[in-house]
Amino acid sequence: MTAVSSRPARYAVATLFFVLGFNYGTWAARLPALKDKFGLDPSQVGFLLLASGLGAVFSFPVTAGVLRRLGARKACWIASALLPALLLALGLAPSYDIALLIMVAEGVVAACFNVAMNAQAVQVELRSGRAIMSRLHAVFSLGGLAAALVAAAAISLFKPVALHFLIAAVGMWSAAWWAGQRLLPLPPEPPAAAGLRFSLPSGAALWLGVAALCGTIIEGSMSDWSALYLKERTGASDAFAPMGLACFASAMLLARWLGDSWRTRWGSRRLLTWGGLLAGGGLGIGILVGGPIPALLAFALVGVGIAAASPCIYLAAARQGPVALAAMTTTGSVGALLGPPLIGFVAHASHLGWGLGCVALAAGVIALAARRIDW
């Protein structure tokens, strides 16, 4: 398959990445409306988020089984049909308890979708001979940004969450249907290679899991704690504090857009080694120097440094088969679920500077792991 002949498949996979990012961004942007609808306190909103995270963490048996039996293409079809339906169901949910169940299901389906579309992306990259993984993850982020803009327009035009989610679901269905016709027809895994026997990872596989865990810990922690750090540790105003997340996210998006050319030039091992050192060293220096401007520069360096982590790790895992990719995605979900609370516990015991120091340490672990992974 040449770069030209693979173009429909590349556009199709990019569309699926956009759809998944749009899904996350849509319900996340309307959390305040859901909070008001059900009369929730902050802890109940937290449980709503936890429900989705737990669904993703415990999705491994479902995801691995679907991929083994149906293959990545059919898994994408099924997940892309269910995900908009669950979004609409969330908007129509009559009670908080029902919403919790829907969010658990959303976590499972989104995790399955994530694994299946990454499996497709790896095959498109391998068959075309053109690096695309990093840019696809940038497209995922663009989907979340588009969802936020659509949500802002929806809030100004009409109040009902259900109507907004219906419009979003129709758009997601339409885009996914178009993409589904152009995906590669990947066969299911052979039964002999698809066993789900549990075994502890070792060697390069263990280090790959460690890198995946640390990568999502960093992403989740920076998203959740950067604004609070700016306010509490640097004295930034409420209006200035969100700039921390903006710098981190913008730098990561730009680096992911450029990341494929970097990987082609330097390779995954060098990219993650130096990226981890850049992120960890930059954040450490920013914490030690203090002040809002050094902190913003440090957050941007973290975004650049770890931008390639998830694309490179997914690519390495997918080369071992969809089940290995599902396991790695589950590991990443654990990091995203547990990382931010752990930073909070450290901050409670000392202060938030030490908490973000743990993030810098995690970036250093990625640099160490990258030297030991079989890329």
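Count begins at 1; order follows the chain as displayed.
Here the Cβ of each residue, glycine as well, is placed from N, Cα and C on the backbone.
Nobody curates TrEMBL annotations by hand; they come from automatic prediction.
What TrEMBL says about this protein:
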DOMAIN    9-375  domain 'Major facilitator superfamily (MFS) profile'
TRANSMEM  44-63  transmembrane segment
TRANSMEM  75-92  transmembrane segment
TRANSMEM  98-116  transmembrane segment
TRANSMEM  136-155  transmembrane segment
TRANSMEM  161-179  transmembrane segment
TRANSMEM  200-219  transmembrane segment
TRANSMEM  239-259  transmembrane segment
TRANSMEM  271-289  transmembrane segment
TRANSMEM  295-316  transmembrane segment
TRANSMEM  323-346  transmembrane segment
TRANSMEM  352-370  transmembrane segment
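In this chain, the transmembrane segment (136-155) lies in contact with the transmembrane segment (239-259); the count of Cβ pairs under 8 Å, excluding pairs fewer than 6 apart in sequence, is at least 3. With Cβ pairs under 8 Å as the measure, the transmembrane segment (200-219) is packed most heavily against 352-370, out of 44-63, 98-116, 136-155, 161-179, 352-370. Packing against the transmembrane segment (136-155) from elsewhere in the chain are residues 13-14, 17-26, 28-30, 33, 121, 163-164, 167-168, 249, 252-253, 256-257, 259, 310-311: each is 6 or more residues past its ends and has a CB under 8 Å from a CB in it.
Model confidence over the domain 'Major facilitator superfamily (MFS) profile' (9-375) is summarised by a mean pLDDT of 89.
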